[in-house]
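Undergrad: Pasting the relevant annotations from Swiss-Prot:
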- Asp131, Asp160, Leu161: S-adenosyl-L-methionine binding site (BINDING)
Amino acid sequence: MARTDDDSWDLATGVGATATLVAAGRARAARAAQPLIDDPFAEPLVRAVGVEFLTRWATGELDAADVDDPDAAWGLQRMTTELVVRTRYFDQFFLDAAAAGVRQAVILASGLDARGYRLPWPADTTVFEVDQPRVLEFKAQTLAGLGAQPTADLRMVPADLRHDWPDALRRGGFDAAEPAAWIAEGLFGYLPPDAQNRLLDHVTDLSAPGSRLALEAFLGSADRDSARVEEMIRTATRGWREHGFHLDIWALNYAGPRHEVSGYLDNHGWRSVGTTTAQLLAAHDLPAAPALPAGLADRPNYWTCVLG
């Protein structure tokens with residue numbers, strides 16, 4: 001189904017289902033003998049959403065060999081491995097910001113992210129989660145039913161990031177006069193190019209000097225029409241459909257040229273340092289990523305930025 005500027009979703013459909021897919025990957029990774037991440041809430045949240053395919057993956061009932069094409073460059077197991085290092089990257093970003101004295105954290109498009117419940121935040125930290133109202137309500141109710149307690153002053157901010165969300169954030173208690181740590185994890189591909197620019201402008205306007213931003217860039221902006229990338233994704237998701245999970249990830253992304261995020265932010269007063277997925281995998285002694293089209297493999301897709 002084609003995207004529209006005002007489409008909405010729950011956690012079992014459309015863009016919302018990608019949040020559940022990511023949570024299932026975290027749950028699966030947390031079950032490893034020597035896990036790189038600890039997310040005790042991922043599995044019960046995925047169970048509560050009720051998508052059978054994702055529940056089976058999260059709980060270990062479904063084996064990668066049953067789903068992934070052994071000759072394909074990318075699949076469910078590969079995605080889960082890359083999600084592990086992505087999660088570690090953003091976890092460490094928040095921990096580093098807290099150690100530096102930043103006491104406001106903002107999770108943009110939080111989905112089933114449970115960092116407000118599982119990270120060891122300093123006692124005076126406020127964590128803001130911004131996402132669609134139905135997503136936030138579902139997560140809050142599910143975690144309350146589990147008896148989970150936030151590890152910070154957790155504020156839910158129901159808003160659509162494609163539109164006017166800064167006012168909602170301020171109403172939630174955000175103080176633009178104090179530094180903040182922001183993350184945009186797995187978000188930009190699901191925003192139209194102009195909405196990506198507006199979001200970065202809003203973050204800049206709301207950020208006091210010393211604020212930090214970590215983001216995952218959408219590398220498909222200039223290469224999105226690459227038949228090789230599209231075929232890689234569609235080959236992987238073909239196995240999902242055979243197991244009853246119909247999610248066209250490729251169709252959920254917005255096409256069109258985009259600003260390169262680090263250059264855009266550098267022009268707005270941020271200092272940026274980039275990292276590739278390959279570097280993150282190597283840092284944890286994990287297998288290298290599959291071969292990507294020329295021009296993609298060496299482009300950083302993770303950026304940590306400091307204002308001022």
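Any Cβ shown, glycine's included, is placed from N, Cα and C.
Here the structure is a predicted model, which means the values were calculated and not measured.
I'd like to know what surrounds each of these features in this structure.
TA: Using a 10 Å Cβ-Cβ cutoff, Leu161 (S-adenosyl-L-methionine binding site) registers 20 neighbours.
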Undergrad: For the recorded S-adenosyl-L-methionine site formed by Asp131, Asp160, Leu161, which further same-chain residues have Cβ atoms within 8 Å of the site's Cβ center?
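TA: Once Asp131, Asp160, Leu161 are set aside, the remaining close residues are Leu108, Ala109, Val130, Gln132, Ala159, Arg162, His163, Trp165.
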Undergrad: List nothing but the largest Cα to Cα distance in Å, as a whole number, among the residues Asp131, Asp160, Leu161 that the record says bind S-adenosyl-L-methionine.
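TA: Output for S-adenosyl-L-methionine binders Asp131, Asp160, Leu161: max Cα distance 7 Å.
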Undergrad: Restricting to the chain of Asp131 (S-adenosyl-L-methionine binding site) and a gap of 6 or more, list residues whose Cβ falls under 8 Å of its Cβ, or answer none.
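TA: Those within reach of Asp131 (S-adenosyl-L-methionine binding site), by Cβ under 8 Å and sequence separation of 6 or more, are Ala109, Ser110, Gly111, Val157, Pro158, Ala159, Leu161.
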Undergrad: Count the Cβ atoms, other than its own, that fall within 10 Å of the Cβ of Asp160 (S-adenosyl-L-methionine binding site), considering every protein chain shown.
TA: 18
Undergrad: Which state, by DSSP, holds Leu161 (S-adenosyl-L-methionine binding site): helix, strand or coil?
TA: coil
